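Participant: What TrEMBL records for this protein is below:
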- B:1-182: domain 'Tetrapyrrole methylase' (DOMAIN)
- B:L9, B:D84, B:G87, B:S112, B:V113, B:L163, B:L225, B:H250: S-adenosyl-L-methionine binding site (BINDING)
2 protein chains.
Amino acid sequence: MLYLVGLGLGDATDITVKGLQAVRGCSRVYLEAYTSILTVGKEALEKFYGRELILADRELVEQQADQILQDADATDVAFLVVGDPFGATTHTDLLLRAVHAGIPYRVIHNASVLNAVGCCGLQLYNFGETVSVVFWTDDWRPESFYDKICKNRAAGLHTLCLLDIKVKEQSIENLMRGKKIYEPPRYMTVSQAADQLLQIIQRRRGQGEELGFTEDTVCVGVARLGADDQMIRTAPLRQLVSCDLGGPLHSLVVTGRLHPLEVDMLRLSAEPNALDQLHMTDSSTYTS
Amino acid sequence: MLYLVGLGLGDATDITVKGLQAVRGCSRVYLEAYTSILTVGKEALEKFYGRELILADRELVEQQADQILQDADATDVAFLVVGDPFGATTHTDLLLRAVHAGIPYRVIHNASVLNAVGCCGLQLYNFGETVSVVFWTDDWRPESFYDKICKNRAAGLHTLCLLDIKVKEQSIENLMRGKKIYEPPRYMTVSQAADQLLQIIQRRRGQGEELGFTEDTVCVGVARLGADDQMIRTAPLRQLVSCDLGGPLHSLVVTGRLHPLEVDMLRLSAEPNALDQLHMTDSSTYTS
């Protein structure tokens, strides 16, 4: 049996009781280590679970999946994923490989940023399409996430922005030379994401575009969601550029139309007066 | 301290280790019993948690919240919610009351249908706005969810439809007479939701409307998500009217543009040939 086990967000104790039972009963336990991270490392997890963990990087999962699935028809193998197992496409691929190899599988769900982000006070059913904000390079500066955010806002919807993670990446130089030397991991901060968004806004304003999302739009920066030291900061986008929310992972939410109950909740994570710019547009909604 | 604890989906063992530790340390433990249910009842939870649970119906949570929060500044109180604590507006209201009463709170997240639905094979970042399908009555037949689904589909996005739950509802007659007699609980099935959607489609077609979502659109019926006896059934909408997915809770997903990997996953829960109608429209996407 292949167990796909979500570890939730936060630390070792965020695993479910069902998930812990599965982990303890498996002969091999892999820890997926490239799409997300907890606030604790492999050693803390091993201590709490009472099991040795095999780190599974992108190469192992995508190119040597057979190794993970080996003998899983005869023995139990667990594949641990931060958040919920269905947060990333590569896990779906592993599951399909198991099915095609005749290996039974079982999914043990857990919290994901997609639902836990509700703790900032924005109602989950008022979110539109989720977007990913990627690290720009000198010659690759995609802006498609900005257009999706505007589309959501035009429909009154909030947008969860997942921020880029670069783990075990090679520099172009090392890649070209075939050297397996990896750059230190990078996790995009709320400040970095806000900075890229502001650059897009400035560029487009310079071209005379009408903007559906500006530096005055109320946004929510979220860091280490679900952990004891979680931080949430609500402010207009331009203020989030200078915020320091500490260590990874960070996410950013761009608000759409706000319900009064949502505004009340956002005030808990805003500086006094930070939301004063909100104008009531009718009896039940606010816009930024 | 007020602990808002998500119970996840499925049974008693889907609580997180952190959540279970909190529950066992609290002096009073409430179980929210009107926005969702697990596949096991209060007694099974009490046995596993080792604690007596106080059932919290809508009236208690919305009108007597002070009773739940009483002494929570001096003692620990837990409020248990199926799924994640931020799935419903009323829980946010309880949290705000705690804050305003100077009571510290802590949220312990868990899986919610919003992320666990990914197990059907549709990628979570390809979902648009979530909709609720409500039970129609003789004189109240809202159709706004249909329009939202069409809007999502026009953008290529899938739609998660949460299906109505009626718990502890009074008949109009008993309500008028002030009699606190409650109707048996009702949970909308995939079949009932499909039937209402087909009625909307037929009515609008009769009026000559161009339809963005028809009886041929591929949909996914999901029952008891996360439980051992979970069922997933993928088929064109017209076939889901006659499906029986067993006991509650049910959800329905209406697909948007499909990626080949999503189609491969959907085949796992479809009858052979059921997805043959999918036409490849370009190198990477399918439409129904």
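Any Cβ shown, glycine's included, is placed from N, Cα and C.
All TrEMBL annotations are machine predictions without curation.
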Participant: Are there residues of the same chain, six or more positions away from B:H250 (S-adenosyl-L-methionine binding site), whose CB falls under 8 angstroms from its CB, and which are they?
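Facilitator: B:L163, B:Y187, B:M188, B:T189, B:V190, B:A193, B:G221, B:V222, B:A223 - these are the non-local Cβ neighbours of B:H250 (S-adenosyl-L-methionine binding site), listed in sequence order.
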Participant: Taking Cβ atoms only, which of the binding-site residues B:L9, B:D84, B:S112, B:L163, B:H250 fall under 8 Å from chain A?
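Facilitator: The binding-site residues close to chain A are B:L9, B:D84, B:S112.
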Participant: With DSSP assignments reduced to helix, strand and coil, which class does B:L225 (S-adenosyl-L-methionine binding site) get?
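Facilitator: Assignment for B:L225 (S-adenosyl-L-methionine binding site) reads coil.
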Participant: Please list, in sequence order, the residues in the chain of B:D84 (S-adenosyl-L-methionine binding site) that are at least six apart in sequence and whose C-beta is under 8 Å away from its C-beta.
Facilitator: B:G6, B:H109, B:N110, B:A111, B:S112, B:L114
Participant: State the count of C-beta atoms found within 10 angstroms of the C-beta of B:G87 (S-adenosyl-L-methionine binding site), not counting that atom itself.
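Facilitator: Summing over all protein chains shown, B:G87 (S-adenosyl-L-methionine binding site) has 25 other Cβ atoms within 10 Å.
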Participant: Across all protein chains in the structure, which of the binding-site residues B:L9, B:S112, B:V113, B:L225 has the highest Cβ count within 10 Å?
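Facilitator: For the binding-site residues B:L9, B:S112, B:V113, B:L225, the Cβ with the most other Cβ atoms within 10 Å is B:S112.
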Participant: Around B:L163 (S-adenosyl-L-methionine binding site), how many other C-beta atoms are within 10 angstroms of its C-beta?
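Facilitator: I count 22 other Cβ atoms within 10 Å of it.
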Participant: Which secondary structure state does DSSP assign to B:G87 (S-adenosyl-L-methionine binding site), in the simple three-class scheme?
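Facilitator: For B:G87 (S-adenosyl-L-methionine binding site) - judged by DSSP and reduced to three states - the answer is helix.
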Participant: For the S-adenosyl-L-methionine site made of B:L9, B:D84, B:G87, B:S112, B:V113, B:L163, B:L225, B:H250, how many Å separate the two farthest Cα atoms?
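Facilitator: Among the residues the record ties to S-adenosyl-L-methionine, max Cα distance equals 17 Å.
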Participant: Where does B:V113 (S-adenosyl-L-methionine binding site) sit in the DSSP three-state scheme?
Facilitator: helix
